[in-house]
Amino acid sequence: MSSLPTNHLRLEWVYGYRSHQCRNNALYNARDEIVYFVAGVGIVLNAEEKTQRYFLGHDDDIVSLVLHPQKILAATGQVGKEPKICIWNTTNSEVVSLLTANHQHGVGILSFDSTGELLVSIGLDPVATITVWNWQKGKIVSTNRGHTDRVFDCQFSPSDPNLIVSCGVKHIKFWTLSGNSLSSKKGIFGKVGEIQTMFSLAFGPGGTTYAATMAGDIYVWNGNNLERVLAKMHSGPAFCLTSCDAGFASGGKDGCVRLYDSQMQPLSVIRLADTPAGYSGIAVRSVDWRGSAVLAGTQDGEILEIGTEQLDRPAVLRRRAVGAGPPPKKPVFATASDDQTLRIWHAGNRDCQQKARLDRKARSCAFNEDGSLIACGFIDGGFTVFRTRDLVELFSAKERKEVLHEMKFSPDGKFLAVGSNDNFVDIYDVQQKLKKVGECRGNSSFITHLDWSEDSQYIQTNSGAAEHLVFKAPAGKQVVRAAEIETIKWRTWTGVLGDCVKGIWEKYTDTNDVNAVDVNFEHEVLATGDDFGLVKLFRYPSTRKGSNFRRYVGHSAHVTNVRWLQDGCTLVSIGGADHAVFQWRLVSEGGDDVAGVGALTDGVGQSSAYLDSGSEGSDTDSSAAGGLDSDVEAEKQVNYDRFVDKAQLASGLKASLQAELPAGQKRKRAPDHGLKLDFAHGYRAYDCHRNLFYAQSGEILFNVAAIGVVHNKETNTQRFYTGHTDDILCLTVHPNADIVATGQVGKDPTIHVWEVESLKALSILKGQHERGVCAVAFSATTRAHKDRLFVIRWNPHDPNKLITVGVRLIRFWTVAGAGLTSSRGTFGSVAKLDTMLSACYGTDAETAYTCGASGLVYVWQGNVLSRTVKAHEGPCFALEFMPGPKPCFVTGGKDGNVCVFDDALERCARTFNLRNSNMGRGNLGVLLEDNPTVRSVMPGRNNTILAGTLNGEVVEIEKDGPLRVLVQGHRQGEVWGLAAHPTEPICVTASDDRSLRVWHLDGRRMLACRVLPQPARCCDISHDGRLIGVGFRDGSFQVLNFDSLDPVVTLRHRKEEISDIKFSPNPGKYLAVASHDNFVDIYNVATQQRVGVCKGCSSYVTHIDWDANGKLLMVNSGAREQLFFEAPRGNRQVLPKADIERLPWHSWTCVLGDTCEGVWPPKCDITDVNATSLSHDRTLLATADDFGLVKLFEYPAKGKFAKYKQYVGHSAHVTNCRWSFDDTRLMSVGGADTALLIWRHCDQTERRVAATAAAAAPLSGTAALPSDDSDTDSEEEGGYDSDVEREKRMDYASKTYQISPLRERVGKRPTEQQQAGGDGLDALRPAVSRKTPKPPKVVRGVASGDKKRPHHQHEEVADLQLEFVHGYRGFDCRSNLHYLNEAGDTIVYHAAGACIVHQVSAGTQSFFLGHDDDILCLMVNRVPKFAGVVASAQIGSADPPILVWSSRTLATLATLRGAHSVGVCSLDFSASGKHLVSVGLDSQHTIAVWRWQEGQLVTTCGGNSQRVFRAEFRPDSDSQFVSVGVKHVKFWTLAGSQLVHRRGQLSGYADGNLRMTTMLSIAFAHNGVTYTGAMSGDVFVWQEHRLIRLVEKAHQGPVFSLYTTLKDGLIVSGGKEKGGKSGGGLVKLWDQEMKRCREYNLNLSDKTAVIKSVCRVRGKILVGTKESEIIEVGEKDGALTQVARGHGEGELWGLAVHPGARQFATASDDGTCRIWDIGKKTMLHKLHSGPARSVAFSQNGEMLAAGLKNGSVLLLNTASLKLIGKRRDRGSVVSDVRFSPDSKLLAVGSAEGAVDFYQVGGPGGLSRLGYCKGLEAAVLQTDFSADSAYLKVTSASYTAQVFTAPAGEPVTDPNFMESITWQTWTSIVGPEVLGIWPKSATKGDINCAHLCHCGAAMATGDDFGNVKLFAFPVTEPEVQHKTYFGHSAHVTNVRFTYDDSYLVSVGGDDCCVFVWKCKP
């Protein structure tokens, strides 16, 4: 392949300015330079010096620009699928911050706030997403949907930091930023101005907002109200409007710039068309007024600077092009474009010299040889020739119909060749007035390029069919002879096809991708422009595909043409859609101009430019790299794909277990004994770099398997970080050497940051990587490289810079705010491209060092390679710098040497050879081979060096040369073979790495090793310890002498892998060898002969075991067979199950059989459990499985799914496990992780001691300690409780805001009836009559303004204001009642969809009404800094919000969404008040942690498979919290952005029979103590996560609520208690240790009282009950104060108002009827009536009727609620009751579709007189006529029928019905109320209505939770009305009080009573 060109391109000038689809995008910065953009380039123009600086950080079209208030920084936004926002410095073009989230399609608008700290952006997505950023941190403050139509401008108000205004297509919105919440109000136009599109915004004094409109008006807004209109400031659309110190400026389509003073009074008009630079049709898109100059950007891509005194200053910039052609001898070029202009540019002066307007779109142009003529080709197939000096048209022709894409004059100037899309090239004679003299035929597709030969005799063409043809000129005859073609010398080469330009094409590139080529013959380079916006530079000729190139960015889309100018040093490229012209300069390798500096500048200043515009793929060719190394190539090919997510697998197994466990079967209990990881033999080196370090303590840090190891070399002991779930691939240490970061493999891999001393996880990072994390470094996210990275290093001298190295890659990165920018390392001619394996920095910030596969060390200055040093023969894998008094560099390589260089990297001071002969004192192992490959080196503080080898060895090198092996393990290759010595603490392992190793368990070291001839899969030690048997993968096996490891015999009788090998027990006569050939061969050890074969397995053999006598062999196979054979002949035996368990087995490593049935998890296959090992005392069975777990079962493990204890450490499949000879240790080996882990066996006594010690140990990861948990919950303990069970089973998914009617309805809704032609309504309308006036519809009171004054005075109702709410949600909530201050005079709680701030002493309430469904939880921030801050959350099927708000201002501070579904049931603030934890009601009961001030979700995690009731932070922590729920308690730690937890463990508690119960509440004490209230009435006391004590029977029933008082630590508890004679309800106040308490009896009337919430301030305790009562208890005397009351759980329907007092009655499904006083704001009476649905007062108010759900009706005395009479004539719900106006009759309507009339009085109080006949459906409402003679009945069929009373005969005459005057109106149907029904009422109903007594206003309640107020009558659909919120769902009833001063509404499911103040 061709090598790179030696020269480079430097961007010299950019012509153009993007005006289309943009506004206000040409601005002055603080230096009075002009900042603007075109294509993907941000440009800073110094107009005086005529220089440009470029920002090239974008990769697509820039479409928005704004300057920071200080005018130094600029923010630009681009288009794209994932568009980015760049904030950059206009003085040096350096990136300050990158924002790359939350928008799609593009970022159309940007604006800084007045402080410059926040940035608002508007996206180009369909909903114009608005986002507010803290741009310096790169964090989103808030985001919302902007508008469904295009938004044109958005700005922060300079006077109000929380106000943002946006405008666009026929809208303007005023946004309020409250915390992280963005809420908007629409602009109200009223009658001041028309609704029209607004383009631009500006702000005036006093909060005034100005908006420039489509009609040329300027709208003046005061708040969100249009105040006035400045009409016709422009004669067309006013595109732009801006403010400055002097006033305002606007620009429009009329070409005018208007200037205004600070009061928006016009000052002057600048008509650009009248200026020297102006022209007809000019339009202004951008305007900026600075001092004495105005900057105007025009529609035609020009920027004009006009002095406010001299209006004729010329334009300094012009715009765009598509076709380009240079004149032969001048530094000028021409462009022709679709904008119908032909322009001639001067490359030296860098401006447009001439412009001609064309009558058609142009696509090509060309100069003749002397530049006197220029031809222009058009889109319609015609062309025109102009005279260059004045652009006068000389000739025009049109021979073709399709576009002319190419044309060129011949070098001799005689001919003009014109190529068209008609597939022809026409040749014209210039000297004969362009007479056509020839035609080139033969191309089968459109002509794309053509060139003339030097002698003007030949033309070559390219076509769209990828044809390269040559023609004879001028005749046009095709030349086909290759010999003739080879002799032609071409004047130009602009075609993309041909042998000499073949290298411009990648191997599989479409021939349409490269649009243009131009060859520079003088400098032997060629330039291309392609469809990807790139300009590329190749060496010429470029004859092989895929040649190297240099690439340059800037154009945003396809580059349509490139041309070299005549000087051979200037290249011009033009963009298609970006309308930009780029001028490039050819420079040498060192950056010098190839033609001398300033060759074309003519005195114009040099521009700041870029040598290489962010080249990504330019130097990637393998031809420039050195040779390949096998180790490097092998590392590149390692596959890290993970197809199983372990977290998902665990949850899936748990679900399957519950489904598959047979009914009634209990799982076998877990063992009492446990394991503790003691030592890990191994070090991962084969695919890791820089993973070996010294800790601050001198301990050694490295990784193996899924373990981070802290190794003490003095004591040869280890500590472990076991938080990872898969292979750790990288490890690094903090500069202080006390904190470690480790990254792992996985589908969504994590990075753990943990503390060396405590092994505590400080942070867990997740979500940015796939497959795995291969490199980490301490000190921003971006795509690094498409190939493998090996090492990342921060620059220790500059915290914002880092370096990455990898496969043929070195890249230098700079942190830019929230993003990263980078540049590639430039090798130049110093060295070839190499694969870089490690990197480091030396003594200064600018010099970096890398080492590569060639063995060289590379020295870099900046990103340029300065020199190389030969360090190793073969790859140099490791490079480190050791600072200090004697700084030095240390390297390690494949040659097995560790080299020490001086600090200048010029001299190798010493070389250490890793050989066994160089071992010194303290050596703990043996090198597998001399001179192993060194993969990692790390110099220490005591002149020691750590070296990690490819063979898995950690070697320490002393300063004087001796070596010692500290740790070692197997190298790459699966480890399967494992055997324990029969009498010594020794084990043997065999591996695919072809090694056999002997390990000493007490000495924690490798004793010996031997290299084997084949990969080994199994091994065993004879009973006397003298022999070792090893089975190989090729079917052979070998017996070795244990002492010498020399082979005794090697045999091979099988072809498949040997899977198991076992010596028979004493006397050890036989050796059994199992293979994948399905056979077990038995050999005589003494004779070394095969003596028998076990046949009968139908699949490969997996495991074999001998009985204690050495006579019987147990065999397992891959077909799940458990077979038995007799030795030595191998005869098959059949054993009963009882005998199998009874027989004494010498070993048990098999996985099948009844005794180990319980080890198999659900949904598994035969390969999932790889091995078992039975302890020698036959009590414990250990297993090794494919999920990376070592498990411990109690033996025998009979029955399905036995419980177990599991232990992590291995990263993937655990292949084998074995107990030591004395059962004190368990050994396990991993397959791919190559690790040998030694576990210490702990019995119950040891474990209790360990548990006590571990209680104070910090958390160290997801599974930091050995897991003593079984994989599922224990059985429920503590009995059954109805309240707990009901709360567990509550279905919130069906209770979310479904908009479904509570009552069954039939028939068509009124709106549907109207659409169907009045069906059902027309019948109610009387015929037209001209007789006497109609009687009134309803008896009316007289309005207060009326002259006639009745007994009651009524005012017209025009508005409602919520005054009081009777209710508190206690039946399914807890800990939702709080004091807001220490004084205890203000409390906060919730009911329905309202949060209530209740002033206890004054009895007043204020409300936060931001929710739209039932609120389920509420929490107060108890940190003084956040006083008054409250968080509340609701149910909601999709994305229920959590709202954080101020109880003082009732303003929203933050809206938190995106973590939960169904609902949120628990909230709590952290110790600092900055974090918030929430618990969801979804199936996983998700727990989320938020930074609520920023609106940022920190992390989420599944809380538990069963209901989680509460989660609370420890009062002293921001990272630790506790969650409780059904049969669990979990202790959580927030580690960075991840949550890790431990289950509460009972195993260390003295009562071994105690089982986990359902936990309901939480409290805390000092020193890590936690209290949890249980369903049993006990309180569990925990130290960290272990149970230490029980407070037995703290309450009789479940402990629903605990509260920790922060000031004194006292704890309040509330639970379920049975009441005595004086009533029940105990609240207890406990000391800090919950050992002593004081009781308070609430004297509740309920037989069983349930306390759901408690709160305390000094001297007061606040209590909330299940029955919705709030009581305050005096701490000293126990005095009780009733604070609030409400109905209990059950739908609330019944509502009636007193006819003469401000009182009302309610009836509910909670079984009570109640009477309330509005003035006193309290309940007067309560009757336990049974579930009731309706209630009514008699006309005099002395009697009260109540209709019950069982069909009964009660007649009560209002004053005492004593029963007067009772009747039950129906069996279904009584839905409405109504007294007649004369109080003689009572109408009772039921769900049976019946209305019964009763006489009031007489015997029994009620006697039935009659009933209504012919009702169509269930009764909804009834109304009596004023004379008590008629009753109107509204039914569920959406019809109203009239009946006589009490006979019940139907009235059918419409005229008569029209004449009836009704006493009340509660009907929801009829022509008079048609307008109360919305058109969208198909999913919900209007449940109720009530006409006020003055008859002017009607209130309704609906299934949407709304109370609405209409003007009566409501005859027109969609009539204007007012809507009021607060109820959470269905509003079931509304009633005005007798004097219309109040409206009362009741909610169905929310059980609340709302009292609204009526306002006139």
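Backbone N, Cα and C atoms are what each Cβ position is placed from, and that goes for glycine too.
Just so it is clear, the model here is predicted, and its values are computed rather than measured.
Annotated domain 'EML-like first beta-propeller' per TrEMBL: 51-305 (among others), in sequence order.
Residues or ranges marked as domain 'EML-like second beta-propeller' in TrEMBL: 328-586 (among others).
According to TrEMBL, the feature repeat 'WD' maps to 397-431 (among others). Same-chain residues lying 6+ beyond the ends of the repeat 'WD' (397-431) with a Cβ under 8 Å from its Cβ atoms: 363-370, 373, 375, 377-385, 437-441, 443-456, 459, 461, 463, 471, 473-474, 476, 491-492.
What TrEMBL records for 608-628 (among others) is region 'Disordered'.
The annotation compositional bias 'Low complexity' is assigned in TrEMBL to 611-628 (among others).
The domain 'EML-like first beta-propeller' feature in TrEMBL is assigned to 780-956 (among others).
Per TrEMBL, domain 'EML-like second beta-propeller' is recorded for 975-1241 (among others).
Below 8 angstroms of C-beta separation, residues 1017-1024, 1027, 1029-1039, 1099-1106, 1108-1110, 1113, 1115, 1117, 1125, 1127-1130, 1146-1147, 1149 of the same chain, each at least six residues beyond the ends of the repeat 'WD' (1051-1093), sit close to that stretch. Positions annotated as repeat 'WD' by TrEMBL: 1051-1093 (among others).
Under the heading region 'Disordered', TrEMBL lists 1253-1287 (among others).
Residues or ranges marked as compositional bias 'Low complexity' in TrEMBL: 1253-1267 (among others).
Among the features that TrEMBL reports, compositional bias 'Acidic residues' is placed at 1268-1282.
Annotated region 'Disordered' per TrEMBL: 1303-1354 (among others), in sequence order.
For the domain 'EML-like first beta-propeller' (1404-1672), the model's pLDDT averages out at 90. Per TrEMBL, domain 'EML-like first beta-propeller' is recorded for 1404-1672 (among others).
The domain 'EML-like second beta-propeller' annotation in TrEMBL covers 1692-1958 (among others).
Annotation comment: TrEMBL describes 1695-1726 (among others) as repeat 'WD'. Under DSSP, the residues of the repeat 'WD' (1695-1726) split into helix, strand and coil as follows: 0 helix, 20 strand, 12 coil.
Away from its own ends, the repeat 'WD' (1924-1960) comes close to residues 1295, 1297, 1301-1302, 1341, 1344, 1352-1367, 1369, 1371, 1391-1394, 1407, 1409, 1411-1415, 1434, 1668, 1686-1702, 1704, 1706, 1708, 1710, 1716, 1718, 1721, 1887-1894, 1899-1903, 1905-1909 of its chain (Cβ-Cβ under 8 Å, at least six residues beyond either end). The repeat 'WD' annotation in TrEMBL covers 1924-1960 (among others).
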Is the count of Cβ pairs under 8 Å between the domain 'EML-like first beta-propeller' (1404-1672) and the domain 'EML-like first beta-propeller' (51-305), pairs 6 or more apart in sequence, 3 or more?
yes
Going by DSSP assignments with H, G and I as helix and E and B as strand, what are the residue counts for the repeat 'WD' (397-431)?
0 helix, 16 strand, 19 coil
For the repeat 'WD' (1924-1960), what are the DSSP-based totals of helix, strand and coil residues?
0 helix, 20 strand, 17 coil
DSSP says what for the repeat 'WD' (1051-1093): how many helix, strand, coil residues?
0 helix, 24 strand, 19 coil
